[in-house]
Amino acid sequence: MYSSNLKGFILAMVSSAFIGSSFIIKKKGLRKAGVNGPRASSGGYGYLLEPLWWVGMLTMIIGEIANFVAYIYAPAVLVTPLGALSIIVSAVLAHFMLKEKLQKMGMLGCLLCIVGSTVIVLHAPEERSISSIEEIWELATQPAFLLYTASAVATALVLIFYCAPRYGQTNIMVYIGICSVIGSLTVMSIKAIGIAIKLTLEGTNQAKYFQTWIFAMVAITCIITQLNYLNMQSLIS
């Protein structure tokens, strides 16, 4: 168990480095694309033709793959907090590459990220042994989790269809809220897929269960939504 957690920890750290760097590279690409067309924050998609943005996207994909594999080896409660370290990577690189001055409150925020992540990692519980994707499905269909899922989806829809058109251009918290709420569902579905892949590689095929594909569809939908609003928030000044 310790060995698996260590692998997950290292992969999560590598993931944070790549993902944190990708934010800066993509933002430079978005800025460059915004010179010749509508900005992403205004609903434009000209950045899809910008090579620098794709370099950033490739960097993010590498980071997300490392993060995905980390979920296979370690509990979500260990891997997820380490994702906060990508904020620190982004803040430091933004200071040097984008000339965005890191204020005292920003430094305090980075320090709190480090302290919070360290505390959670040091007290991460042992992961429960799962023998089938059906076990995860049973947990995911518990009333408490279904209530949370319904609340998260409802909140995201309100933010997307009501708040974003009205306040998205002036309040960055709208897009951050969308990404954060959707992200909580992404973590759960990615963890389920990771376990399914691990069990399949160990000889117990999980592709035959429809639950595996439902988790996959949820993950893909959530990731696409997050990427869209992440690009929009990147250029809000």
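Backbone N, Cα and C define each Cβ position, glycine as well.
The transmembrane segment feature in TrEMBL is assigned to 6-25 (among others). Among residues of the same chain six or more beyond the transmembrane segment (6-25), those with a C-beta under 8 A of the stretch's C-beta atoms are 52-53, 55-57, 59-60, 62-64, 66-67, 69-75, 78-79, 82-90, 93-94, 97-98, 121, 234.
What TrEMBL records for 45-66 (among others) is transmembrane segment.
The transmembrane segment feature in TrEMBL is assigned to 72-98 (among others).
Cβ atoms under 8 Å from those of the transmembrane segment (105-125) belong to residues 5, 9, 74-75, 77-78, 81-82, 84-85, 87-88, 91 of the same chain, restricted to positions at least 6 beyond its ends. Marked as transmembrane segment by TrEMBL: 105-125 (among others).
Proximity of distant same-chain residues to the transmembrane segment (145-165), defined by a Cβ-Cβ separation under 8 Å and at least 6 residues beyond the stretch ends, is recorded for 139, 174-175, 177-178, 181-182, 184-185, 225, 229. Taken from TrEMBL, the feature transmembrane segment applies to 145-165 (among others).
Per TrEMBL, transmembrane segment is recorded for 172-197 (among others). Counting residues 6+ beyond its ends, the transmembrane segment (172-197) has Cβ neighbours under 8 Å at 67-69, 71-72, 76, 80, 130, 133, 136, 140, 149, 152-153, 155-156, 159-160, 163-164, 206-207, 209, 211-212, 215-216, 218-219, 222-223, 225-226, 229-230, 232-233, 236 in the same chain.
According to TrEMBL, the transmembrane segment annotation covers 209-230 (among others). A Cβ distance under 8 Å defines the sequence-distant neighbours of the transmembrane segment (209-230), meaning residues of its chain 6+ beyond its ends; these are 132-134, 136-137, 156, 164, 175, 178-179, 182-183, 185-186, 189-190, 192-193, 196.
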